[in-house]
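Undergrad: One structure coming up, written as structure tokens, with questions to follow.
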Amino acid sequence: MTKNNAMNNLSLASIFPAKTRIRLIAVWLIVILFMTLGGAITGDTLTPLLATTVFLVLLLTIVGAAFGVVKEADELAHKLGEPFGTLILTLSIVSIEVILISAVMLGPGENPTIGKDSIFSVMMIIMNLVIGLCILLGGLKYGEQEYNAQGTMSYLAMIIMLGGIGLLLPNYIQGAGGGMFSNTQAIGLAAFIILLYALFLYFQMKGYKHLYVQPKEGSMEIPYMERDMANITSEDENHSTGGKKEIWIRSIILIGMILPIVLLSHNMAVVVDYGIKAANLPTLLGGVLVAVIVFTPESMTAIKAALNNEFQRAINLCHGAFVSTVGLTVPSVLIIGLITGKTVLFGMTSTETILFVITLLLSLMTFLGKRTTPIMGIMHLVLFAVFTLLIFNP
């Protein structure tokens, strides 16, 4: 009995070590500070020196929390297997983004393009900057990296479908004019997107989860074998009570690390907006910076996966993040617009449309080549650099 208790105590200590506890306490102390004094700190009395200090404190806190998220997500991914492990992180991060967008929409100001701007920024960041870094760094370390071609193509098909409906279609229909959906169109498209996304998740987690697992070396796909999948399911169902306990504890820690990022993002946005106005920078830059901060945990996890030669996991994180972003953000924004009567614009500008199409074509070329090579990563990074240039000089 004593031995079992010792093993349980050891297990808890290994799951929730002192380093994690210290990180969690430190992060939440900063959150409490800004929740109680945030209005005074980031109010009208904000000065350049104070803004810089606040920015550095928030940045260090958010990055510290991001490292915690990465650690717990990695442990859960190994415990649950693909695609469940990465799906937990993806849905957590995208839910954060949806909540932030909803908060902005429900605020006193008018931000008709917040949904479109956020989705487009996430696309450029995830599908060009992060994917580009994954391909380049992984390629420099391992040469050509392999992935599950079938699963990757299903992600790209979903991106084309959801992105095309949500971002391209509004400019080429009558709708309510000016890149807006009519009420009937908004209700119908929100329902279609939710249904398609829900079915995609259902099949991804059920009979076709083998499409999202890293293939063995020399094989571009994992054949569907019902018996093998049944054996895997049987093994998963036979996890010990201790294993389930670890999953629950790590999930709670994961949420505890993600929430500070959500709660501090508003303060970060205030400081960033102050800096942008003071330096006379483009207003779009604020949304891009917030998107980078929100998606930092997932981006770090994806890059780490590529460096561990788990490129399919990097794809699951990056492409899965954008699929989830469109699948959750478009319906949420449309529904909020219908309920509140606020104007919602999803139509992209001509420049955004060209970058959108180039990103899709480049992604198809990248992942139709059977294996990744560093040069393709460089192309994605250059495209992100072009996007960044056009923010400052449209």
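Placed from the backbone N, Cα and C atoms, the Cβ positions cover glycine too.
So TrEMBL has the following annotated:
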TRANSMEM  21-43  transmembrane segment
TRANSMEM  49-70  transmembrane segment
DOMAIN    51-205  domain 'Sodium/calcium exchanger membrane region'
TRANSMEM  82-106  transmembrane segment
TRANSMEM  118-140  transmembrane segment
TRANSMEM  152-173  transmembrane segment
TRANSMEM  185-203  transmembrane segment
TRANSMEM  247-266  transmembrane segment
DOMAIN    253-392  domain 'Sodium/calcium exchanger membrane region'
TRANSMEM  278-296  transmembrane segment
TRANSMEM  317-339  transmembrane segment
TRANSMEM  345-368  transmembrane segment
TRANSMEM  375-392  transmembrane segment
Undergrad: Top stretch among 247-266, 278-296, 317-339 for CB pairs under 8 A with the transmembrane segment (152-173)?
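TA: Between the stretches 247-266, 278-296, 317-339, 317-339 has the largest tally.
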Undergrad: Check the transmembrane segment (82-106) against each of 21-43, 185-203, 247-266, 375-392 and return whichever range has the most CB pairs under 8 Å.
TA: 247-266
Undergrad: If I count Cβ-Cβ pairs under 8 A between the transmembrane segment (317-339) and each of 49-70, 118-140, 247-266, 345-368, 375-392, which range comes out on top?
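TA: Result: 118-140.
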Undergrad: Under DSSP, the domain 'Sodium/calcium exchanger membrane region' (253-392) has how many residues in helix, strand and coil?
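TA: Residue counts for the domain 'Sodium/calcium exchanger membrane region' (253-392) by secondary structure: 117 helix, 2 strand, 21 coil.
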Undergrad: So what's near the transmembrane segment (278-296) in sequence-distant terms, Cβ-Cβ under 8 Å and 6+ beyond its ends?
TA: 48, 51, 62-63, 66, 93, 96-97, 100, 114, 117-118, 121-122, 125-126, 130, 261, 265, 268-269, 272, 321, 391-392, 394
Undergrad: Do any residues of this chain, six or more beyond the ends of the transmembrane segment (49-70), have a C-beta under 8 angstroms from a C-beta of it, and if so which?
TA: 20, 23-24, 26-27, 30-31, 34, 41-42, 89, 253-254, 257-258, 260-261, 264-265, 267-268, 271-272, 274-275, 278, 293, 296-297, 300-301, 304
Undergrad: Given a Cβ distance threshold of under 8 angstroms, which distant residues of the chain, six or more beyond its ends, lie next to the transmembrane segment (345-368)?
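TA: Residues packing against the transmembrane segment (345-368) from afar: 112-113, 115-116, 120, 123-124, 127-128, 131, 135, 147, 149, 152-153, 156, 159-160, 163, 166-168, 170-171, 178-181, 315, 330, 333, 376, 379-380, 383, 386-387, 390, 394.
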Undergrad: Please work out whether the transmembrane segment (375-392) lies in contact with the transmembrane segment (21-43), by counting C-beta pairs under 8 angstroms that are 6 or more apart in sequence and asking whether there are at least 3.
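TA: Since fewer than 3 Cβ pairs under 8 Å link them, the transmembrane segment (375-392) and the transmembrane segment (21-43) do not come into contact.
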